[in-house]
Amino acid sequence: MSLAGTRITVHDMTLRDGMHPKRHQISLEQMCSIARGLDAAGVPLIEVTHGDGLGGASVNYGFPAHTDEAYLSAVISEVKQAKVSALLLPGIGTVDHLRLAHELGVHTIRIATHCTEADVSEQHIGLARKLEMDTVGFLMMAHMSSPEQLVKQAGLMESYGANCIYITDSAGYMLPDDVTARIGLVRAALKPETELGFHGHHNLAMGVANSIAAIAAGANRIDAAAAGLGAGAGNTPMEVFVAVCERMGIQTGVDVFKISDVAEDLVVPIMDAPIRIDRDALTLGYAGVYSSFLLFAKRAEVKYRVSARDILVEMGRLRLVGGQEDMIEDTAITLARGRGLAV
């Protein structure tokens, strides 16, 4: 497999997906420091919002240290070359949040839906295109749909005006062949000018391998995070991914040593716990469970004396999806009662 000369866009997740393991408590100073480092390393696109996107501040998802407006304003004023993106999940974020992001100077908006629910993105994608934003349709939990089903959903987002479609392995469940099948079929179905991206999680240690498979199958935007800071066992670790790309002749525009320094000197020190494949993160990938459920399951474990692993396995069996965080506690209670534990 020769990908030498292939050009891709690396999209940083440290300051958005990385909010999940930080319980959305990254300070403005930390966020700006990391953003400056990413910018200096040559990362062209940096995502900034609550972990669950614009408007995510809530009892259900967690309250951040600062507002989306404060985070976005701070980072946009600091970066010199990089553009800033934001995530929006219809039903959590609204068109008013989208307009605010545009007014603040956000360049790229990613409209995220479950992989079978692209139709709920029409209003938001349409407005983003009207505002002349770089507009991305983001299909989450893509392992739960066949390649053929994803083609239909991607086609809907493209028809609404998205100029880029993402296949998103939210659970870190996919293996390279799964990625190849989905990316390859979607790439063949989209217009040639529509870009295609891949977002991976490292729950089965497949983040880098899956990202390379995605590039080989036709993706040209790849998500990654410095030191892997993200939900579950983290996102594709950017410094490792960039180094592999360098070895393969894939052109990212990101400096290997500078991004390694960002990871080691700026991101690792702010981690509340090491981002690694522990037994619970492994269970996410093995059972196909939404990665941001991890901390919720760990909290339920303490509260109801049922192991987080058992909770996550049951959630995988129930095929729960992003947005059903409230069901984590219900699942733990049901398991506890089934074992005769007082709740």
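Glycine is no exception: its Cβ is also placed from the backbone N, Cα and C atoms.
Curation plays no part in TrEMBL annotations; they are all automatic predictions.
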For the substrate site that TrEMBL gives as R16, D17, H199, Y290, the extra residue out of S33, S170, S260, S307 is S170
Neighbourhood of H20 (active site, proton acceptor), C-beta criterion under 8 angstroms, separation at least six: G51, G230, A231, S291, S292, L294, L295
Which state, by DSSP, holds D17 (substrate binding site): helix, strand or coil? helix
In the same chain, outside R16, D17, S170, H199, Y290, whose C-beta lies within 8 angstroms of the Cβ mean position for the substrate site? M13, H20, M140, T168, H201, D223, G230, A231, N235, S291, S292
Please list, in sequence order, every residue of the chain apart from D17, H199, H201 whose Cβ lies within 8 Å of the Cβ centroid of the Mn(2+) site. M13, T168, D169, S170, G172, G200, D223, A225, G230, A231, N235, T236, S291
Per DSSP (three-state), Y290 (substrate binding site) is coil
So how far apart do the substrate binders R16, D17, S170, H199, Y290 get, largest Cα to Cα in Å? 16
Recorded positions compared (R16, H199, H201) - highest count of Cβ atoms within 10 Å: H201
